Every structure is written in C-alpha cells, then in structure tokens.
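Taken verbatim from TrEMBL:
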{"type": "REGION", "residues": "A:1-63", "note": "region 'Disordered'"}
{"type": "DOMAIN", "residues": "A:67-411", "note": "domain 'Aminoacyl-transfer RNA synthetases class-II family profile'"}
{"type": "BINDING", "residues": "A:Asp125, A:Leu126, A:Thr127, A:Arg152, A:Gln168, A:Asp172, A:Arg321, A:Tyr325, A:Tyr326", "note": "L-histidine binding site"}
There are 2 protein chains.
Amino acid sequence: KPSTANKRIEKEQFLHAATPAGQRAAHGQPLPSAAGQDKGEQKEGAARPLSVPGQGTRDHPPAHTALRDRLLAAVVACFKRHGAAAIDTPVLELRETLMGKYGEEAKLIYELQDQGGELLALRYDLTVPFARYLAMNKITNMKRYHIAKVYRRDNPATTRGRYREFYQCDFDIAGQFDPMIPDAECLKIVHEILSDLQLGDFLIKVNDRRILNGIFAVCGIPESKFITMCCSVDKLDKVPWEEVRSEMVGEKGLSPEAADHIGEYVQLHGGLELIEQLLQDPKLSQNKLAKEGLGDMKLLFEYLTLFGITGKISFDLSLARGLDYYTGVIFEAVLLQQENDHVEEPVSVGSVAGGGRYDGLVGMFDPKGRKVPCVGISIGIERIFSILEQRMKASGEKVRTTETQVLVATPHKHLLAARLKLISELWGAGIKAEMLYKKDPKLLKQLQYCEDMGIPLAAIVGDQELTDGVVKLRDVATRKEVDIPREKLVDEIRRRLEP
Amino acid sequence: KPSTANKRIEKEQFLHAATPAGQRAAHGQPLPSAAGQDKGEQKEGAARPLSVPGQGTRDHPPAHTALRDRLLAAVVACFKRHGAAAIDTPVLELRETLMGKYGEEAKLIYELQDQGGELLALRYDLTVPFARYLAMNKITNMKRYHIAKVYRRDNPATTRGRYREFYQCDFDIAGQFDPMIPDAECLKIVHEILSDLQLGDFLIKVNDRRILNGIFAVCGIPESKFITMCCSVDKLDKVPWEEVRSEMVGEKGLSPEAADHIGEYVQLHGGLELIEQLLQDPKLSQNKLAKEGLGDMKLLFEYLTLFGITGKISFDLSLARGLDYYTGVIFEAVLLQQENDHVEEPVSVGSVAGGGRYDGLVGMFDPKGRKVPCVGISIGIERIFSILEQRMKASGEKVRTTETQVLVATPHKHLLAARLKLISELWGAGIKAEMLYKKDPKLLKQLQYCEDMGIPLAAIVGDQELTDGVVKLRDVATRKEVDIPREKLVDEIRRRLEP
C-alpha cells in the first residue's frame, strides 16, 4: 500500500535518473548504516567500490537480521492468532499486471530487460499480486498474510530508512461479508501489534473514501477532480490548511468558497459524537455516499468499542491516503511522541501502519470483472525496525546473532578427536554447540570466544576428564566449573538452560 | 551452487528465447502444479490469461507455504544448532558483481532494464553475494546461513519442479582454519538434515578438485582443458562411461589412451581403503595436487569417522560438479530408492544437496585480491519439497494452513456483540481464535467451518450461556460439549490444547 510515494515524487528529484554508470563514484551515496557498522561508517561522497550492493539497497548483517527476525516473529504471531494463512507470490510479475494500478507511481516500477519471452517487472507492493492471485485462482474468500520484499525505483534516503528494496508485511481479508466486521478486525490487529511491540503511544486515524467523496460533492467539486482533491487533503498531516487551500485554489482551480467549505470538514476529527454530528449535517446527510460511509463508520466504532480499543482510534477527516484503489474505510497508524514538556499535544513521528478497503481491485484481473471485496493492512516494518534499532543502540543492549548454548573446548593439545566426539554427541541430543576450527586452540581463546558471542556454557574435556569419564562444565558468566559424569552431561546442560 | 544448469543448457533449448510477447499463447506452458491444484491442472498449450504469474514462476498457495515453512524450520534449526548467524543480501546485485562468476551460465542471468543509474541484475545464487559481502565488509571469519530466492532464466520444467524463481538454502563457513574441520562439519550438517527430514536412504558423494586435476595431469591432459574435462566427468551420474569417453575422444580431441587412462580412475569409488590405495598409486603419488587432495581426503574421513557418519559417505572419483569456483573438496548428496526387488543396488533419485570448497571467490571482490577460504553447502529445498509433497498426497495427509485453536460461535441471532467481546478476550490471552464475518451465521455453518479448517475447539455463547456466565466449549472431533465458567475458559482451552 504505497501511501507515501506520491509525496516523495513531488518533493524530491531522482538523483540517479540520468547518471551514466561510469560516473557512479562521483554521485556516491553513504553506505547503508547496517553494513557500515562492521567497519565504521563510510564517508559521504567517497568512491563506491565495485563490490557494494546497488544504490538504495543494503546487506543485512547478522545483528540486523536477528533483530528483524524477532520483530517479524511477533507480527506473524499476531497474524496467526487471527487465523491467517500465508501465501507467497513471485517477485517477478508480468508488466501488464502492474500497469494501471499505481497511477503516477508507475514510473517507480523496476522493469526487467527484454531478454526474449514475457515482459517482466519487479513487484511494487503485495496488494496487487494478492488481487491477481485471487482472480487467477477464482478465490472469493481468504484471510492471508504475506511478508516479503518489494521494489521501488524511488529516490533512496537511506539515512531516513527509505530503501529501494524493503519488506512489506501485509494482512488482508477478502470476501463478501457483513459490513465492517473484517474492517474492525484489521484495526484490532494494528492495535495488538503496536501494543505488543511496546513502541510507545500511538494513534490510529480512520476515515472513509465515501465520506471524503461526499464532502467534495456537497462542496460542488466535479467527480473527475475527486482523486486530485484526495491528494491535496492527504498533505494535511505535513502542512497547515492554508497551504493546502492555496494549492486547491491556485493550482487546482477551485473557487475560494468551495475550498473554504472543504476546509470546514476536513479539519475535523473526533469519535462517535463527530459521526453523529455529521449524520445530522443538513448537506452531508443528503449525499448518498457520505451517508453510507458515515453509517458504516458508526458501525465500525460500535465494534471497536466492543474490542475496547476506541481510546487509540480517531475519526479524522483529513486522512485521505494517496492510492487510487481504496473504495471505503481507510486507516493509518502513527506513533506519538512527547517532544518536550512545553508542547501540550503529542507529535506524530510518522506512519507505522496503513491500509483500507479496496473492493474493485480483484475485478480488474477477472475476465468477467467479478469483484471480490477486500480490506487489508500493511505494517511499516522497516520504520518500526529503525525505531527499535535506535532504541537498542541508545540502551547499549546487544542482540545475540547466534543461539549457541555450549562451546566444546579442550585445555591442551592433541584433543581434536575428543572434541569432535563430544560435539557430535551434543548435536545428536539437539544441543546447539560450536567448537573452534583449530586442531589445538588455546583454552583462553576458546573462553574468549564464549564471551564475545554470548555463549553461556563451555564443556571442557582434557586427558584427566577423559580418564575420569567426566566433562568439566563451565558457566561462562560466573566462571564456575563443575565435573559432570559424561552420561549426565546432556541433562545437566538442559537443566542449566531452562528459562 | 548451480551445479546442474550447465547440463540443462547442453540438453535443452530455450523455448522462449525468440518468442514475441504476442505469440505467448501458442507457446503456452502448463501452469505450475501448485497453482493448478486449486482449479485443476491447466492443459498444455491452453491460452494463458493475463493474470498468471510469469513463465516458470509460481504462486505458493497456503498448503504449499505451510509445508515449506515447516521444512525450512527444520533446516534452520540444524543451521542454528551449528552456531550459524543469518544474513540477508539484496535480490538486486550490480551486473558487474555477477559477471565472470558463472561461466557459460551467465546467459541465464536476469538483467534489469537500464532505467538510469546502475546496471542491475537479479542474483543467480547466494554464494557470489556472500563472497561480495565478505570482501566488502572485510570479514575474514564467519559462519552464516541464508535462505532466499534466486533467479535463473533457465528453460522451466515445472512438472519436474524446476522453476525460474526458486529457494536456495545455504550454509557456509568462511575463514582460515585447520584443514578439513569446517569441511567435515558441512558434511555432518547435510547428514543431519537428510536424517531429520526422514527422506529415506541417502548417499553423500565426496571428491576433491585437486584429485581430479591431479588425475588429468598424470593422464597427460593440458591444464587448459581441466575445466572442460570436469564437465565431461560430471556426466557420469547420468550416462555410462562409454558415452563420456567418446565425448572426450570425439568432441574434445583426447587420445583414446588418455581417455582410457582417465576412465580407470574416475570410475572408482569407495572409502578409506581407496584413499590409501591411491596414495600408493605410483603416478598419482608423484603429483603434488593429487597428493594434497588425497591427504586431506584421508583427514576428512578420520573426522567423519569420529562423527560416526562414514556409513553414508562415498569417496567417488566421478563426482566433478559443474562450477568453476570450487578449489578443493566437493560433495553432493543423493537420495537412494529401492526401485524394485530385482535391482540389487539402490538407484539415485537425484541430488538433494551439494557444495564444496571455494577458496578464491572472495578474493575476486577484494581490491587487493586478499583471499578468504570458504566451504559451504546448499540444501536442494525445492526438490526435497516436491518429494515431501508427493508423499503427503500419496498418504492423504493434509497440512493445516492456519493454526486457529478456537472458533467463537453463537447458536442464534443478535449475538454479534457477544462474539466480538469473547473473541477479544481470547486474543488478549494469546489464544488463536476466529469467528465468521457474518452478523448472524447459522450454528451448522460455524461448526462446518471448524471441520473444514481443522479447528479443534468451538466456544459457543447464546443467551442462556450469557445469563449463566458460562461458555459452551465444544470438542469438534468428539462433538462433546461442556459448560465452562467464563473466567475459567482461557485456562480450560490451554489445558485442552496441551500436547
């Protein structure tokens, strides 16, 4: 759900759109910080050696991957708690599949070279492939999640965590159901995930495209301008109303009266009482679309009340979202942050989830245009990752990159065979064990490795231990060593590792 | 590690290399079976609707994804047991990074269109990106695994499980260590994984590029022909020696004597005794490379004896593997299958893992050519998946695609609020719960859903239960229902779901 890319295009230029490959060094970008960690940050403007990955992409080193896996595990646990199945679709899609789905953003699609055969492109999100999948397999009913990389030839801003290759994390419910029940579950899931991850305070803004279109209609805007009006309104989270108004009047040719009229509506936000108020609005209540949208919004708030989560939900008429394909409820979650004590209202630190209802997309892939209503959410896993990473850096907490429980060590020479036999026993018992790949490593080096890697236990065998039929089990943190009869070693290790 | 692609190129033509997009339908390929399952296999030659994924790629529906996730979890557990960290590299690599690494296979690389900026291509395997990663970050020491998709513009043969987008599953040890210790661990890992997955009998063939090169040298072959000789020898798992011999003599211009001489060696296979025999061979023992290789092979067998796995290891001089970059020990695991009672020797059903030592690859990415010795394995997860899938089909076993534990149900109308409240309580307690997205679903439909989806429990609330402060807990399999006090419901569900 590429909500923010439109804004990116407007605000920024392509650095590399016209850069021949040979001049790459001159346009060198800082290396992504993840890779930089291993050897100090590379300076901006430094020559990029041949061996870096492509512009705006990055390698994920072990510490990065371990933290990301932990984060994704929490998200997947929530999706599974709500009964979703996983699917996987190809990274390569037919170009035709992606064409006409992303509006202006289409120019950000990566296309493959014509090497004979079909014309291909890299997927731009997971929503369009999901719709294609449903139509192709004539599935009319499905709750699925999909976590995978997507590709956008966007202007990379790696310092702000914006890459050309990044993970999306989607949950969608497809099918013809009673109004707002799946929509409410989507919001519940966003609420659960943001709570589970302990990211701090957050707010989920909710609106409905039908309400926005109703507002535009009663303000006298022709239908052909609804989408461009949405784009203007969508900027209200970044710029004040005055700027949006002058865009409407100056660039988009609205009368000042119409713009002011729109402004009266789209600056409203609240809860159930605002819905009730708008349902009584003499003009809006006469508009069929707005009435439908408001009725459903009321129903949604009833369900969210039963879920006990309305405290973090705001019905916000300025929320518009950039994409064409939304047809009903739309939402976006932002983290809140108390910037300083003088500011009364908490400030937003950016969107971490978004989504909405798209009832027409599947029909675009069906030969007979049969529709499958869908509603879904996308968790902004890359942004959440950046926040967690910064927080861990600040707190000095280290992620273990391996799960090794025991290092098999020897105190003197000529004991490689003893180590190989013992480690083989441990692996056979399912214990996570390592040894140094040296014939005769020094004991100190082996113990140092435990400390460096956070390995909690060392199992040490020397000639004496072999004679006595024991293994010296060392607690790396306390340095306490105890002889354990060999046949009891596995049980003792398991006992020590119990949480 | 693209061992078999060379063979593919030789044996097969590109169906689509010169097919204009408009003629695609005439060259239609059968749809991948995974997608076909949902709606019956599509006939070969049938028109491909716009909404299919690209040629040789496929969607993975929930049953497929669930089985694959289970399989990958077993592989990852083994990699972690051996202390590996995970890394992730981009799907997009600079074209220059991939150039000159894959020999003839380079023409199978997917290239991206030049849309301004760098020239990019899709990764062809995970080994070259790993080598690039090590060189770029000046890492001289690392044990990592990486499970991800790779891309090859190969002629797809989807019925035989060969796709243009497929998973690789790699474990590699980089670093300067004492000989054959990491190499032995790689073989131990292959042995563990194939045993853990209960795929039936298997054999791991082992050889060394230095031994092969030594053989070629003592048979009078010039060094410039070593690689092409390897390619010929590598066919011995598919065709009899006579054919390989006639290729050597006819196409590659060897003298019949030299070919026969090679033939005496490369048809040998055995264990430690064969190594000893070759170490005594008057000619081979004079060749420096062969002697080194045989000495290391002897050491490897010692270590494998300590691991207790030599029973499934064969020193096989016909194993050559296609890729240029191997420099030492090479290996390949095949599943064995008793075809029928009359055949004495079990027959191979194909390679399910492979790998070897590549000490020169990292140096190709280092500006000063600094080498980092590496050895690694790649588990043929796609082939293993096909075998498991067939086996499950044959046994009629079904994979659950979701993990839902409880369906929250209601026996009559006007109880949506009660369902929403109860399910919210269960989610809050970490219970995996679903409900139908209908205001007033029929009880029969709700219970049918449990049976269809394999959900073990149903929690039913009607007016009576609400009045009594209980929930009716139904065991779906036995149909037994018991009233549970609401405050004890979560505990009772947990108790019932204990393994």
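Cβ coordinates come from backbone N, Cα and C, glycine included.
The model shown is predicted, which means the values in this text are computed figures rather than measured ones.
Features recorded in TrEMBL, as mapped to the structure shown.
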residue  : record                   : Cβ within 10 Å
A:Asp125 : L-histidine binding site : 21
A:Thr127 : L-histidine binding site : 25
A:Gln168 : L-histidine binding site : 21
A:Arg321 : L-histidine binding site : 27
A:Tyr326 : L-histidine binding site : 25
Segment-level pLDDT (mean, integer) for the domain 'Aminoacyl-transfer RNA synthetases class-II family profile' (A:67-411): 92
Local backbone state of A:Arg321 (L-histidine binding site), from DSSP in three classes: coil
